[in-house]
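Data first, discussion second: the structure below is written as structure tokens.
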Amino acid sequence: MIPEIGHFALALALSLAVIQSVLPILGASRGNVRWMQSARSSAIGQVFFVGVAFAALMRSFVVSDFTVRNVAENSHSMKPLLFKIAGTWGSHEGSLLLWVLILTVFGAGVAVLGSNIPAATKARTLSVQAWISVGFLSFLLFTSNPFDRVFPPPADGSDLNPLLQDVGLAMHPPLLYFGYVGFSIVFSFAVAGLIEGRIDAAWARWVRPWTLAAWMSLTAGIALGSWWAYYELGWGGWWFWDPVENVSFMPWLLGTALLHSAIVTEKRDAFKSWTILLAILTFSLSLLGTFIVRSGLLTSVHAFAVDPERGIYILGLLALSIGGSLALYAWRAPVMEGGGLFRPISREAGLLVNNLILAAATGTVLFGTLYPLLLEALTGDKISVGPPFFNAAFVPMMLVLGLFMGAGPFLSWKRADLAGVLQRIRFVAGLAVLVTLAVWYLISGGPFLAYVSILIAVWLLLATLREWALRIKFMEAPLSETLRRARNLPRASHGMTLAHVGLAVAMIGMIGSSAWKSEEIVFVTPGTDVTIAGFDVTFTGAERLRGPNYIADRGRLEVRRDGEPVTTLYPERRSYPVAPSTTTESAIRSTLAGDLYASISEPASEEAASGEAWTLRILYEPLVNFIWLGALMLVAGGALSLSDRRLRVGVPRRTRPQSDLRLPAE
Amino acid sequence: MKRLFAVVPLAVAVVLGGFFLWGLNPERDPSEIPSVLISQPAPEFDLPSVPGVDVPGLGRADLTDNPGPVVVNVFASWCVPCKAEHAVLTRFVERHGLRLFGINYKDEPEDAATWLSDLGNPYERIGSDLSGRAGIEWGISGVPETFIVGRDGTVLYRYVGPIVGEKAVAKFTTALTQAGALERELGS
């Protein structure tokens, strides 16, 4: 009965979405206030009914209702409760339901919180959002109904892929979806703006909190995903340039560009058609990601079960939404007036460089991701594009970006004083060089590029802190004056500092763990010693353990350094008899200086049967935790910026929007 | 001019859309790597032995006139997965009487010799492919790669990547069994 309620709720949500996709936008063009206002209740109704459907599906998972096909295929009665709940979004159907839920959450969010947005703009935006709802709700109902029953019901389920039974991964899809579905509302604002033909500073201001919220979630989602890959897959890396990773990364790159270009639109009324294009393309790339993951277009380590019928349906949705919005763009964008003029050395020019590099980087990732498909279509050759291409093409661009990023915040709007800026950054630039030389002296023997990268990361870190210190007159004025300035500085400005520092910190982690990683793969029997990065590791044996729905072989590693015991590591190899499959549970000794990472796999040879010999993989990844620390700072910076008074949603528009003209780029 | 620029994104999207439509063809399996060699005679090649390893070299002539199918494995001491795969291949040789030939791909002979003396040498013959020329003839896309060659020198099967892990071993075992390359069946 409950699953049928869920199914029915989805149908109701679809009918509301259909109404919302027509009525408010018609109301906006005819000046009918009642029709425009209907968007509010229909948006809330949609989120309510989709929420009911989602709760119904979750309940089926929690109580292990195996009459529902989706539950039978993706759950098991022995599974821990947390993973039963996470199983709700572990399959294609369930995750699509989550996708639609988040879509409607953002729609309702604007309907309820966007009281500072003019009625007509709001009505159009919500109608556009409802077009997306109609597309995906109908996709869900007609091709991927999560409430399909199965008869006769199986005695037990066939289990969720054990790799996905992990706390990090249970949280990863919701955050990721919140991020890239969140860009839908920005897309809707852009399309509504194009229809209205009015894009101005106020528009940029309405869009900003939503862009920031989506961007923060996407950042957190991507970081969590890479953390999961790092400790769960047992490969010891944190980014693999896999197509599925790339499709979540592209909206992030372009979303970051959008965040920055929208600042120019907001402050200087410039870059308007570019900002609109970014808003459309960011969400288009999110849709592209949804399409690639669910259509089997490219090979990837983690894709959903493939069904060509679904692929065609999503491609149709893509053609309508992306093709439609870009056609609208081609038609309407040229008439938009450019805003304020600026000199080649100015904040605007700096942000322009930021945008060009981020857009070029996105293009590079897109090209690398799709190249195998393009080549196969044109010549029939099958190739794969791997990390060497991305590292060679992408990393240099990011380094140039880091270089500009350090200097950008020093520039003033319209026209910056180059000599003055150079004067102020001379000291930190010199300091960055000194730090790099010191690193080179202490740990010689790394690739040249690693030292260049360190130089740039340190430069970015120091320059960002220096700019912040200048603003609050740190060490230049009495402490009370500094504190007063720090309090008065807009939160968005603190947010920018924190996020830029976060990126520098993450860069340091990425450089350390890629350039100075050490790795040993050995066959071990009890008593074998391995030495790595100054640690002496002794394998003292393996034992068999029983978990709730798996059997584990757990190795025991005594770790010593200079004769002193450091820790004991217990890497595991789990077999899930129901799924059936095996996973590697690596053991990690984590410190800020670096991770000692151990995993065991396949018993190595003949002695395997007696459980004596194992393949042991030990890695030392220096500074790797800085990556996630940096990501955390990026998210915190975004949150700080989001809490800025001028963005607080629901606050009526202030009468003098120009009063805080000195605001920095965040 | 401005109008022209505004159309560019749409044009790019339409072109990409065309490719996507083509890519959705249900007949297409992106993960399948075709081999031009399957059902073809093994390529011409003649490799000397690895100095310091006491098994003879390998050439095309060694792949014909065998009593049963043989396996040619492309490996290198610098290849990390090869080390894991080595244990699996050794098990096949020791337990099931598999006849295993090796192509030591772009590897320093000293390194290869040390590697084999550390891990043991399950190979009947090893050709030293220092230049990588034979690798090109065989059309390999990476190391390790493994071929099953019929008794008349015809390539029957190609496996790309390390044969490590239950699924890979099961897949390879099936292929071996079908080719009749196992002297003793599994489980016996």
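Placement of Cβ uses the backbone N, Cα and C atoms for every residue, glycine included.
Predicted automatically and left uncurated, TrEMBL annotations should be read as such.
According to TrEMBL:
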- A:89-296: domain 'Cytochrome c assembly protein' (DOMAIN)
- A:315-645: domain 'Cytochrome c-type biogenesis protein CcmF C-terminal' (DOMAIN)
- A:6-26: transmembrane segment (TRANSMEM)
- A:96-114: transmembrane segment (TRANSMEM)
- A:175-195: transmembrane segment (TRANSMEM)
- A:207-229: transmembrane segment (TRANSMEM)
- A:249-265: transmembrane segment (TRANSMEM)
- A:274-292: transmembrane segment (TRANSMEM)
- A:312-331: transmembrane segment (TRANSMEM)
- A:352-374: transmembrane segment (TRANSMEM)
- A:394-413: transmembrane segment (TRANSMEM)
- A:448-465: transmembrane segment (TRANSMEM)
- A:495-516: transmembrane segment (TRANSMEM)
- A:623-643: transmembrane segment (TRANSMEM)
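Proximity of distant same-chain residues to the transmembrane segment (A:352-374), defined by a Cβ-Cβ separation under 8 Å and at least 6 residues beyond the stretch ends, is recorded for 241, 243, 246-247, 249-250, 253-254, 256-257, 260-261, 264, 271, 274, 278, 285, 292, 297-298, 382-385, 389-390, 393-394, 397-398, 400-401, 404-405, 408.
Counting Cβ pairs closer than 8 Å to the transmembrane segment (A:175-195), the top stretch among A:6-26, A:96-114, A:249-265, A:274-292, A:312-331 is A:274-292. Taking Cβ pairs closer than 8 Å, the transmembrane segment (A:623-643) reaches residues 209, 212-213, 215-216, 219-220, 222-223, 226-227, 230, 238, 491-492, 494-513, 590-595, 666 in its own chain, all 6 or more past its ends. In terms of C-beta pairs under 8 Å, the stretch of A:207-229, A:249-265, A:274-292, A:312-331, A:495-516 lying closest in packing to the transmembrane segment (A:394-413) is A:495-516. Within the model, the domain 'Cytochrome c-type biogenesis protein CcmF C-terminal' (A:315-645) shows a mean pLDDT value of 86, rounded to a whole number. Listed as Cβ neighbours of the transmembrane segment (A:207-229) (distance under 8 Å, sequence separation of 6 or more from its ends, same chain) are residues 106, 109-110, 166, 168-169, 171-183, 185-186, 189-190, 235, 237-240, 245, 248-249, 251-252, 255-256, 258-259, 262, 266, 279, 627-628, 631-632, 634-635, 638-639, 641-642, 647-649.
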